[in-house]
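Here is what TrEMBL records for this protein:
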BINDING   C14, C50, C84  [4Fe-4S] cluster 1 binding site
BINDING   C159, C163, C166  [4Fe-4S] cluster 2 binding site
COILED    349-376  coiled coil
DOMAIN    5-121  domain 'MTTase N-terminal'
DOMAIN    145-379  domain 'Radical SAM core'
DOMAIN    379-441  domain 'TRAM'
Amino acid sequence: MTEAKKLYVKTYGCQMNVYDSERMAETLGVQGYIQVDTAEAADMILLNTCHIREKAAEKLYSDLGRLKPLHDEKPDLKIGVAGCVAQAEGGEIMRRMPIVDLVVGPQTYHRLPAMMEALDRGETALDTEFPEEDKFAHLPKGRGTHKGPTAFLTVQEGCDKFCSFCVVPYTRGAEVSRPADRLLREARDLVERGVREITLLGQNVNAYHGAGSDGAEWGLARLVRDLARIDGLDRIRYTTSHPNDMEDDLIAAHGDCAKLMPYLHLPVQSGSDRILKAMNRKHTADSYLRVIERLRAARPDLVLSGDFIVGFPGESESDFQATLDLVRSVGYGSAYTFKYSPRPGTPAAERAQVDAAEADDRLQRLQALITEQQRATQAAMVGRTVQVLFEKPGRMTGQVTGKSDYLHAVHVDGPETLIGSVAPVEIVATNTNSLAGRLVARG
Ligand code: SAH
Ligand code: SF4
Ligand code: F3S
């Protein structure tokens, strides 16, 4: 019997990449690869990369540099680069780093089996097309390698919005939505494998407009409502959504669909209308705040999160103050803050840049405000009973941890048999990035 070939996958970037990594591992699984946890143990290494900021993209090259000695030791070791850097840089990666044998973009990884055959013939393989065919239709049907009670499910890919700072429309291509019946099938398969919570993914997930099972076009709200009818699926989330695609029926679903969790990541980027215009966001601070108002009217306890860029070209101190004002009026449960990073090929990269020290200072001031809001949101949970989906053993023996409805990490003293189930927990204390709770006896 020949020994199974071993695959090590490293994932950078967003949840979409996490999903893609899982699907690539499944595809290579059909080719006889099993996954291992270290690069040293592998016959094939796949780096699934992110191009969103300069630092993210550079990580690929520092990791490839670190893999060089391993490659020298094991000349048969195959190294592949997937994801958004692969799409953006293509064959340049192999020229810069000759240890790379394979480069595959986010829209062509269903062709990995044929590409692996090329490697077996001693060739290299490069495919960064945006093909006509639907890659999902060519991937293995079942989600055989998925483990754990939570899963991602990509429902929409790509972006047509072209914010002036962002590479995603170039690395992921145009907006495409998957047909609802395939998504329902994939969701049922995941639930049969023990999944209790599904997070629907898309670069603009609420721009979902897919062919419905009834022949009509469905928006995200209709998809969520149909998924909610799957027995055994307890929780639905979605990310990342765009404020301009927050349609009435989706807002309504937050109020009347019990399985849709009360947490929403809704990036705004800036609180200054001048900067939002320069970013080509096509919304104002006020229109964003009105969307939040409507969401909160539907679901008063909704916890919000966001993304912010500071130091965007042309941002003045008063523009930045407008961002702080917006953050104060929303009151976020958490948020991601980024310093603007000029990206090749995007319009904003050509503009005069904000002084780096000034941008660092703004980043710190914004982070301080967000940390304060995060603490306040967590402190307000103390004394409340929340529902926790337990995912894994805790750091201390005898503990288990999971996520609350509001996506807070919660740990309790309790048996590992809780993993995979939802149970009521009374929150007793708040730590820096998690909550401590006590299991509530069910009446
Ligand atoms: N599709 C999502 C976000 C995708 S990228 C949306 O539209 O909101 C995730 C986040 O990275 C963005 O929300 C933005 O805050 C940040 N980002 C994107 N490009 C960036 C850049 N050039 N510099 C700094 N941050 C960036
Ligand atoms: Fe990037 Fe803007 Fe598209 Fe989000 S909406 S992926 S930030 S271009
Ligand atoms: Fe990064 Fe591509 Fe996701 S650039 S954030 S991996 S869509």
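Positions of Cβ are set from backbone N, Cα and C atoms, glycine also.
Here the features listed in TrEMBL are painted onto the structure.
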{"residue": "C14", "record": "[4Fe-4S] cluster 1 binding site", "contacts (Cβ under 8 Å, 6+ apart)": "C50, I52, T240"}
{"residue": "C84", "record": "[4Fe-4S] cluster 1 binding site", "contacts (Cβ under 8 Å, 6+ apart)": "G13, N17, T49, C50, H51, I52, P106, V167, V168, T171, R172"}
{"residue": "C159", "record": "[4Fe-4S] cluster 2 binding site", "contacts (Cβ under 8 Å, 6+ apart)": "C166, V168, P169, R172, A174, E175, Q203, N204"}
{"residue": "C163", "record": "[4Fe-4S] cluster 2 binding site", "contacts (Cβ under 8 Å, 6+ apart)": "Q269, M279, N280, R281"}
DSSP three-state assignment for C84 ([4Fe-4S] cluster 1 binding site): helix
Close-lying binding-site residues around ligand 3 among C14, C50, C84, C159, C163, C166, where CB distance stays under 6 Å: C14, C50, C84
Around the Cβ of C50 ([4Fe-4S] cluster 1 binding site), the count of other Cβ atoms that are within 10 Å: 21
For the coiled coil (349-376), distant same-chain residues with Cβ under 8 A (at least six beyond the ends): 165, 308, 310-315, 320, 323-324, 327-328, 331-335, 337-340, 342-343, 430
Cβ under 6 Å from ligand 1: qualifying binding-site residues of C50, C84, C166: C166
Any further residue of that chain within 8 Å (Cβ to the Cβ centroid of C159, C163, C166) of the recorded [4Fe-4S] cluster 2 site: K161, F162, F165, V167, V168, P169, Q203
Check: same-chain CB within 8 A of [4Fe-4S] cluster 1 site center, minus C14, C50, C84: Y12, G13, M16, N17, T49, H51, I52, A56, G83, V168, T171
Local Cβ density at C166 ([4Fe-4S] cluster 2 binding site) - other Cβ atoms counted within 10 Å: 21
Candidates near ligand 2 among the binding-site residues C50, C159, C163, C166, judged by a Cβ under 6 angstroms: C159, C163, C166
